[in-house]
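Annotated signal peptide per TrEMBL: 1-20, in sequence order. If you look up TrEMBL, you'll see 29-121, 126-220, 229-313 marked as domain 'Ig-like'. Marked as transmembrane segment by TrEMBL: 325-352.
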Amino acid sequence: MLPPALSFLLLLACLGASRGNLSRDESQPTTSDETVVAGGTVVLKCQVEDPDDSSLQWSNPAQQTLYFGEKRALRDNRIQLERSTPNELTISISDVVLSDEGEYTCSIFTMPVRTAKALVTVLGIPQKPQIFGHEQPIDEEKIARLTCRSSGSKPAAQLRWRKGNKELKDEGTEVVEDPNGKTFTVSSRVEFRVTKEDNDAEVTCAVDHESLQNVERSTTQKLQVHYKPTAKIEPHPMYPREGEKLRLQCDGQGNPVPQEFLWEKEGSDTPLQLSSDSVLFFPFLNKSDSGTYVCTATSSMGSVVAKYNLDVSDASPVPSTSGPYHAVIGGVVAVIVFLLLSLLIVLGHYLIRHKGTYLTHEAKGSDDAPDADTAIINAEGGQASGDDKKEYFI
């Protein structure tokens, strides 16, 4: 058993050692790694529980002191003091560039000096992508080969393709380091067979990168597809008649549009017209103009034939297609004629009736009269007071 004095000394030594270990742990500064987009601002925080009357210091990857406590040590206006206390030293770096990337050191000058590292990662923002291979029109049924390229990404970006709303699978991706040795250029290729429906279709190349923060950066180009022409013949007017004018319009469609039109009549050995004008004009139609007319429309992609059967009608009006409208007018006219006829019948009956009454009045009482004077006296108009006007002769 140890003497009491020795035991006390051993206890003090243990307490001192314990306190020394605790002081070393509490004097260790702490930091955290940071990621920042080029052009942004990064904040570096260093904390310590027990500064032991020492100041904190931040140094850059080149071991240049940035701040020692509240004192600026490097002349760089991008670096600002955010907070300085015995337990914390926080600084910020704005307008970050790729060369700012690296390990920053926080130090506390105790015995011994203790340090903590903070790795700053700077993301390179990819440039807007460019699409190559769409400059010239592509013939239908041929293979379109397009390339998309974007530079300046760090780490290397990913590229996506789509045509309209449909995703396209790329044929390969190439990553090349840029001359600065820090960023990358990414290229991607797609291939697909085009049809006439792909004319004016939009092809989009989009960049995926963590620096874009879910904002799409993309480029869209329209495809130009050359395809064979189509044609149809439209008559003006729709129902040609003898003696009228007629225009036959050969409506040619395509990419490129037809530039040459050949007009012929079946059964005739001589072409009617060959020019860039798509209209065949008849100033005065005859029955002899009837027949089948052929238009051959030609473009750089080929030729197409359209036919029209012309049947010249007589000069009499062609039945109108507006039957319901004319039926309504005919019904109104029929009603008016019926009313007029009814009115004439009623008027005729009225006139006949009054004419008979006049004749009856004129002849009444004359049949039994012995002479004209008596007939006049016996007439209806003169009988009203006949009894009162009797005369007696003695």
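Keep in mind that glycine also has a Cβ here, set from the backbone N, Cα and C atoms.
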Q | Per-region confidence, the domain 'Ig-like' (29-121) (mean pLDDT, whole number) | A | 95
Q. Using DSSP, what's the helix, strand and coil tally for the domain 'Ig-like' (126-220)?
A. 6 helix, 53 strand, 36 coil
